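See below for the structure under consideration.
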Amino acid sequence: MADKQISLPAKLINGGIAGLIGVTCVFPIDLAKTRLQNQQNGQRMYTSMSDCLIKTIRSEGYFGMYRGAAVNLTLVTPEKAIKLAANDFFRHQLSKDGQKLTLLKEMLAGCGAGTCQVIVTTPMEMLKIQLQDAGRIGEGGRREGRGAAAVAVNPCDVVKTRLQSLQRGVNEDTYSGFLDCARKILRHEGPSAFLKGAYCRALVIAPLFGIAQVVYFLGIAESLLGLLQDPQA
């Protein structure tokens, strides 16, 4: 199965199916991650992921846990299409006479594909974060007048989430850029603030990877495409 060549349409369908299932399963955890990362000292509404989800259900209802999910669901297939098409393009440019790419060239192709994906999807990611954090800001206003790799990169994710959040609670810091944000978080909240939501992030990424692997292993897209090509089967 590892050596099986999968066509681009099948990759897109498998990626879309895996993304839709994954987003539906883990989006509440992603929402908790965003809200935990955005709360600053003096504005703490949530003490943990479970506390955040319980309070969200109480104040916004069950579907409050899916604020912004429509953005992610809309974005899943285009995101996969951009990433896969860009990755194939860069791999083709870096290959010589069809030879297998070296590890360095594989990494370069992945970086190129990731860059193309980020350029296109960042505006939608910002919209998702505004919708996810709206409940925290709204609730604060009423109260106060307000996996190992996943954990390793969590400090950057905290800074990204803060920078992409346009709305602020009462007395919350504003930031002019990446370094300004990192400095203020370190100064006002301490080093541990960079690990806010790390547990949630790990819980989000691991299932997403597992779901994608299962969908590709089962060959759902290949079966669908086979039925379309041979309706009598």
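Quick reminder: no glycine exception, Cβ is built from N, Cα and C everywhere.
Here TrEMBL flags 6-93, 132-222 as repeat 'Solcar'. The transmembrane segment feature in TrEMBL is assigned to 12-32, 202-221.
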The repeat 'Solcar' (6-93), counted residue by residue under DSSP: helix, strand, coil: 73 helix, 0 strand, 15 coil
PLDDT averaged over every residue in the repeat 'Solcar' (132-222): 77
